[in-house]
Amino acid sequence: MNRTRPLPEIKMVSANKTASILEERTGHRFLNLKRLERALTHSSVQAPARANYERLEFLGDRVLGLTVAEMLFEAFPEASEGELSVRLNALVNAETCAAIADEIGLADLIHTGSDIKSLNDKRLLNVRADVVEALIATIYLDGGLEAARSFIQRYWKKRSLETGAARRDAKTELQEWAHQQGNVHPVYAILSRSGPDHDPLFLVEVTVKGFAPEKGEGRSKRIAEQSAAEAMLYREGVWKRDGSA
């Protein structure tokens, strides 16, 4: 598996130059360059709290979820609520958002402080994912939902229409698999919680009686539990890396 792409330390790139680059890559003409700059600024930069991307990320996450849910609702009229939820989660998770950040080339435009180099691969992936969501919020505030929808469709539409069957929720899958191994249940435990309050990282361990435990990380307890469940499903051969079960 490829290691997460490192982020550069903060560098001086003019707001106009940044906007020009992103206008070409997003198809959107940015009206508020100060807000765009904020969307690209990590909290490690020594600046007032409102000068980083965190508030924009909050809004962009909601706009992305709504727009992708709408795309899936229209594209899969026969899909159940459960299948739509699985597809939605796969399309808005950190891995997908970070991959789109790489397509856009955002890593070279994100402003970070020197301490960003101490973050592990998972946290760096999360930074790139966060900036994509902040960028969505910037587009939304510039041009409304239609402008945000246009950008999201540009990068998410093809992914949303992939014909492969949606993979089931990892915790549900592990629960059923564990039951088949002798009527046992997975047990999840939080091993640690690190990072600031606004950007925590949870380390969770899952155990199934008779099997070695597995660990997973995530920005919430739920995501970390899913990550741990996925790790065990892959290790035990229940899931394959090609997406088959």
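Note: Cβ is positioned from N, Cα and C throughout, glycine not excepted.
Swiss-Prot lists 19-144 with the feature domain 'RNase III'.
Around the Cβ of ASP130 (Mg(2+) binding site), the number of neighbouring Cβ atoms within 10 Å comes to 28. The Mg(2+) binding site annotation in Swiss-Prot covers GLU57, ASP130, GLU133 and is backed by sequence analysis.
Annotation source Swiss-Prot lists active site at ASP61 (among others), citing sequence analysis. Long-range neighbours of ASP61 (active site) (same chain, six or more residues apart, CB within less than 8 Å of its CB): VAL92, GLU133.
In the three-state DSSP reading, GLU133 (Mg(2+) binding site) counts as helix. The local packing around GLU133 (Mg(2+) binding site), expressed as other Cβ atoms within 10 Å of its Cβ over all shown chains, amounts to 25. Residues annotated as active site in Swiss-Prot: GLU133 (among others).
Look at Swiss-Prot and you will find 169-238 tagged as domain 'DRBM', backed by sequence analysis.
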Summary of DSSP states over the domain 'RNase III' (19-144), given as helix, strand and coil counts: 95 helix, 2 strand, 29 coil
An 8 Å radius from the center of the GLU57, ASP130, GLU133 Cβ atoms defines the neighbourhood of the Mg(2+) site; name the other residues of that chain inside it, in order. TYR53, GLU54, LEU56, PHE58, GLY60, ASP61, CYS97, ALA129, VAL131, VAL132, ALA134, ALA137
Taking DSSP helix as H, G and I and strand as E and B, the domain 'DRBM' (169-238) has 26 helix, 20 strand, 24 coil
